[in-house]
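Before any comments, here is the structure.
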């Protein structure tokens, strides 16, 4: 049984859908006796239900939006949308639940539209598919445009095992026995021919303990893991390798599309992303496309400037000049550390491993509410959220840490939708400065401040 103190380290999966499709039945089936006893774990909210799910020696937190009350009209009410947004923000994988007996309804289309914008893995769960008739009438759900789907009956349990198998494959899992240990999923991404294969081979060749090499479902990707020591701790670095990406004999646009697609798959599975750049080449639109995905998923990032040995006429200021160039190319990623190395010669490869471990330690840093309250007071005094035309100036009442690995924080605001994205970026940058979260991706949620609920909650 998983220690509940470790739950904040677990990945999360959200059940989303209209009422009466069977979300609560699925939740109760998957969580068994664990339901309702983890409502006060770090990272949970009063508006959603959380339960521990264990399957095939793996564990994750299941989020149930069972409290949603969708109107009979086509549109979903704003309160329901707020709950969905909260669950979708927190989760690593989204399960959209529909009812095979009722068929496709307008609300199902609305939910599908809402959750697609989060760019997270989605599985369509067609529940109540009990008989041959139900199974044959599920084709209409293809209109939702969700590729991955499972037909189940939560009441009887039919198909639920296949659904859990799919969930396990979609999220970066840590086994139940390994929760709390240092297992770090690292994606090595970048354009073709920047040296990803050489870097993989150098890391694998120089480390003594190759734990495993597992062929992955994505055609040209595979994982391998190494064990390393840092200080008095041990860690397993699980590298998600996209080094197998090869150019197709098609137009450049198709090459870029295939490369970015596989890189995105690796990014979703990773705790930390290594973006490999060829020091002897120019920064391209493809590099920027990959960094956009990293920003959108709030992943931790390390720039790896490879082939540093090929740069001619280097002087003692060469690395600083390139760093300035990199920051101009990626102005919103100046928080990411940069490692100059040569995968071919091995120059600074060990330094890269050390930086990965340093970033991981910061990802697991726990911060007290008191410290965050002090920081928030300082930030508001220094720069209050600005008022935009036609809106009310938002006021932030509280900030707290809701998760580690990845780092996630929550701010309570009286006008969440009026918080400008630049102020969110401002808070993230100050969090990195204050707590030395260099290279660490930060998720920052905005939730509605409800004074009456806070008052009741304290009783």
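From the backbone N, Cα and C atoms, a Cβ is placed for every residue, glycine too.
Lifted from TrEMBL, the feature list:
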type    : residues                  : note
BINDING : 17-24, 64-68, 127-130     : GTP 1 binding site
BINDING : 190-197, 241-245, 306-309 : GTP 2 binding site
DOMAIN  : 11-175                    : domain 'EngA-type G'
DOMAIN  : 184-364                   : domain 'EngA-type G'
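On the structure: features taken from TrEMBL.
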| residue | record | DSSP class |
| --- | --- | --- |
| 17 | GTP 1 binding site | coil |
| 23 | GTP 1 binding site | helix |
| 65 | GTP 1 binding site | coil |
| 129 | GTP 1 binding site | coil |
| 190 | GTP 2 binding site | coil |
| 196 | GTP 2 binding site | helix |
| 308 | GTP 2 binding site | helix |
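Comparing C-alpha positions, residue 129 (GTP 1 binding site) sits nearest to 190 among the binding-site residues 190, 193, 196, 308. For the pair formed by residue 190 (GTP 2 binding site) and residue 20 (GTP 1 binding site), distance between Cα atoms is given as 44 Å, rounded to the nearest Å. Distance from the CA of residue 196 (GTP 2 binding site) to the CA of residue 23 (GTP 1 binding site) is 42 Å. Taking Cβ-Cβ distances under 8 Å and a sequence gap of 6 or more within the same chain, the neighbours of residue 308 (GTP 2 binding site) are 279, 340, 341, 342, 347, 348. For residue 20 (GTP 1 binding site), the same-chain residues 6+ apart in sequence whose C-beta sits under 8 angstroms from its C-beta are 99, 102. For residue 193 (GTP 2 binding site), the same-chain residues that are 6 or more apart in sequence and have a Cβ closer than 8 Å to its Cβ are 278. Cβ neighbours within 10 Å of residue 190 (GTP 2 binding site), excluding its own Cβ and spanning all shown chains: 25.
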